[in-house]
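These features come from Swiss-Prot:
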type: DOMAIN; residues: 107-312; note: domain 'ATP-grasp'
type: BINDING; residues: 137-193; note: ATP binding site
type: BINDING; residues: GLU282, ASN284; note: Mg(2+) binding site
Amino acid sequence: MRVLVIGSGAREHALLLALGKDPQVSGLIVAPGNAGTARIAEQHDVDITSAEAVVALAREVGADMVVIGPEVPLVLGVADAVRAAGIVCFGPGKDAARIEGSKAFAKDVMAAAGVRTANSEIVDSPAHLDAALDRFGPPAGDPAWVVKDDRLAAGKGVVVTADRDVARAHGAALLEAGHPVLLESYLDGPEVSLFCVVDRTVVVPLLPAQDFKRVGEDDTGLNTGGMGAYAPLPWLPDNIYREVVSRIVEPVAAELVRRGSSFCGLLYVGLAITARGPAVVEFNCRFGDPETQAVLALLESPLGQLLHAAATGKLADFGELRWRDGVAVTVVLAAENYPGRPRVGDVVVGSEAEGVLHAGTTRRDDGAIVSSGGRVLSVVGTGADLSAARAHAYEILSSIRLPGGHFRSDIGLRAAEGKISV
């Protein structure tokens, strides 16, 4: 089976590495890829938001299956075009991908499915913003306002703040750009990311993970696409894990089928484990980055066969997933000034070591690997427990040099110290 992976991040590097371990995968192709994926897959530079370009490439390389990594091609309907061309595709169609592409749509689906989430309100006019802010945040008894871009924002469209001026400025900027604003009540409790492979109403959960969205230590600073993650979660009871699948993911999958928007792909639910139980923070329509890097490091089942089963309506027959013992930790190395406009073009030293997954990298004509994006690399450490996996990840990271690069030193630290409980 020849597999074409769409995307250019560390998530796609992790997918390619896992697919390469599947004995039924005979060839790997990636578009557009990066300096790291070029070492393990045939690489093509195409516009991945163009359905025509992706279909043409899949035909050209003789792909038996296409796996779409990022959310933008999915929301634009690229998976629909691939399937219409008669090629197996892992990734939801445009209608189902609205679960991530529109937070208002996701809220409507959750309400119909009886799934607990934050109270919310859509604001589509600057004239209504101030009155809406009065109904949320501290005026409503919450510790902070939660102000979100209703559309895709690469993980950086959310502001959580106790400062009304900051909340208002973010909402006003979104509205000025023509984006509706979603105001939400504050959900308190540790967060969980759970990936589920979904084939209409069949749901196969992967290991739960936790990611770190803020750029700074102790969850300070601006939101990012993610600065690190670990899996599994030693503090998450099995009964809560099962409850998330049976009372959240399965009802949402069934509701999408009922609406004629059946989901086939990776459904990612972001949760807060509150005092009243799990509540949904967000749904995404694809593998998350950086959680994927940690979760797939522990997968023993053949990934290509798993994704192909889901994409061809045979997921119910796949069987129970197998996992390695232990824990995996991902730490992201970011470029100077990320999540603002990142500095690029710096030489990265030590990036070809085992456990290093590339994201914002390119290879110059002289062979040097240079930074080309905000999140430059992910390093993945594994170990018998969280402390050992953390030590392994930071040991790998210590041998990498990137001028101006920065990372968080506290990925998984509170959990390793036993400071998270539910």
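Cβ coordinates are placed from backbone N, Cα and C, and glycine is handled just like the others.
Around THR161 (ATP binding site), taking its Cβ as the centre, 17 other Cβ atoms fall within 10 Å, counting all chains. The binding-site residues examined here are SER185, SER193, ASN284; by Cβ neighbour count within 10 Å, the least packed of them is SER185.
Among the binding-site residues ALA169, ALA177, the residue whose Cβ has the fewest other Cβ atoms within 10 Å is ALA177. The 10 Å shell around the Cβ of ALA153 (ATP binding site) contains 14 further Cβ atoms across the protein chains shown. The least crowded of the binding-site residues TRP145, GLU282, judged by other CB atoms within 10 A of its own CB, is GLU282. In this structure the C-alpha atoms belonging to THR161 (ATP binding site) and GLU282 (Mg(2+) binding site) are separated by 18 Å.
Over all protein chains present, the Cβ of GLY137 (ATP binding site) has 24 other Cβ atoms lying within 10 Å. DSSP assigns ALA153 (ATP binding site) to coil, not to a helix or a strand.
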